[in-house]
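Enquirer: Here it is, the structure, as structure tokens.
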């Protein structure tokens, strides 16, 4: 995320966009696909890591089936909220370079700004992970939308490279929350036994958000010759999702009940 925007800019300038895609594809295969196939393991036990007994017990305290999870409102709050965040991500990130050029910031500097976005996303993921360990998930999730609001306001009023970098940092921090908070929420709320199925049924919501954000920003630009109106819409959506996410509470199933209630 840090290097690719810069490389893409260099490749496009020197070799054209078609060749740039080819070169970036080879880079992905070499530094992402092959290491993933070689070094990623399914379980800690595959690496010889043994969980303590209390860790095993803690891990099975909450485990929802797919049907149980689908009947809880929290699952769909997480899914819709994540879809909205991916909607922001694609709607802003894909058009960010064009938006900055409209604000008289050149292609080279735009690539630099997007790299700041990537750095902030990486650091933000770590920070949001720590936040999830210290506060309730609903407050962390709400905080991601507050960060999005700050990023959008900064971006809307960006007219020079310094404001562009600041907006990119705020936006990257919010996107770090997009990557970290929902993943923690799914596991903490529903356990890990059916996590793949649960995330599988919610993934289409995320996909729709990611796919439609690009189109919405582009259509609005074609109509108004500006991205500003789109960003104001995203800002209002952030306000709505901020309050919507406050209804996010940890669901209960029979495994949460005291043992004497189960007998």
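Heads up, the Cβ atoms here are built off N, Cα and C, so glycines get one too.
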Enquirer: If TrEMBL is the reference, give me the range from 55-73, 74-92 marked as transmembrane segment.
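Expert: Checked against TrEMBL: transmembrane segment maps to 74-92.
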Enquirer: Could you tell me what the rest of the chain brings near the transmembrane segment (201-221), counting residues at least six beyond its ends with Cβ under 8 Å?
Expert: 66, 70, 75-76, 78-80, 82-92, 94-95, 98, 227, 229-230, 233
Enquirer: Looking at 112-132, 139-159, 165-189, 227-248, which one has the highest count of Cβ pairs under 8 angstroms to the transmembrane segment (74-92)?
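Expert: Top-ranked stretch among 112-132, 139-159, 165-189, 227-248: 227-248.
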